[in-house]
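Here is the structure we will look at.
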Amino acid sequence: MTVGVLALQGDFREHCAVLRRIGVEPIEVRLPHQLAQVDHLIIPGGESTTIGRLLAIYQMLEPIRTRGGCDLAIWGTCAGAILLANEVMDQKQGGQPTLGLMNLTIRRNAYGSQLDSFEAPITMPIIGEEPLPGVFIRAPQIMALGQGCEAVGWLEDGSVVAARQGRLLATTFHPELTHDDRVHRLFLEL
């Protein structure tokens, strides 16, 4: 298994640090030849429009779309989850490049601005009974799940904050900003 972390923008360093802590040496993916070397890819939080545009500039949108969910497991956190969604609400004017690989509808910045960021416990039975610490920074919200896409994580109010579709995983929160590595370990099993 070879794990890559998309390193164009956002908090890729934090994901790399967690992977190293659990014994995995990641490849920082910035170019198509690096993407071709990995079978697991983390798309980090950051700014989804910027990451999408950089994926287009560096000609990685189509290779990721082609391989995503087949021979490439993908996990998108926050902005990465937006990029994975096949429907994005509240896009910037003019739209934004996305991968559209997961059958889910997501709303950008659903909880408000940077000042409205928060932490809350997450129920995620797929990784264990103990609640997961959730860090939400300008977080999107999963509004609807389509065929083949299942909810795997919830806030106390029932809001879906994690979804899985085969080898694709989307989280609207930032596990890489906590000391809990269970979601990273789950991703490695996809």
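The backbone N, Cα and C atoms fix where each Cβ goes, and this holds for glycine too.
Per Swiss-Prot, active site, nucleophile is recorded for CYS78. Annotation for CYS78 (active site, nucleophile): same-chain Cβ neighbours under 8 Å, separated by at least 6 residues, are PRO44, GLY45, GLY46, ILE137, ARG138, ALA139, PRO140, THR171, THR172, PHE173, HIS174.
If you look up Swiss-Prot, you'll see HIS174 (among others) marked as active site, charge relay system, on the strength of sequence analysis. Counting every protein chain shown, the Cβ of HIS174 (active site, charge relay system) has 23 other Cβ atoms within 10 Å. Secondary structure from DSSP puts HIS174 (active site, charge relay system) in coil.
Per Swiss-Prot, active site, charge relay system is recorded for GLU176 (among others).
Residues or ranges marked as L-glutamine binding site by Swiss-Prot on the basis of sequence analysis: GLY46, GLU47, SER48, ARG108, ILE137, ARG138. DSSP assigns GLY46 (L-glutamine binding site) to coil in the three-state reduction, outside any helix or strand.
Sequence-distant contacts (6 or more apart, same chain, Cβ under 8 Å) of ARG108 (L-glutamine binding site) comprise SER48, ILE82, VAL88, MET89, ASP90, GLN91, PRO140.
Listed in sequence order, the residues of the same chain lying 6 or more apart from GLU176 (active site, charge relay system) and placing their CB within less than 8 Å of its CB are ASP11, GLU14, HIS15, ALA17, VAL18, PRO44, GLY45, THR77, HIS184. Highest Cβ count within 10 Å among the binding-site residues GLU47, SER48, ILE137, ARG138: SER48.
Taking the centroid of the Cβ atoms of GLY46, GLU47, SER48, ARG108, ILE137, ARG138 as the L-glutamine site, the other same-chain residues with Cβ within 8 Å of it are GLY10, GLY45, CYS78, ALA79, ILE82, ASN109, PRO140.
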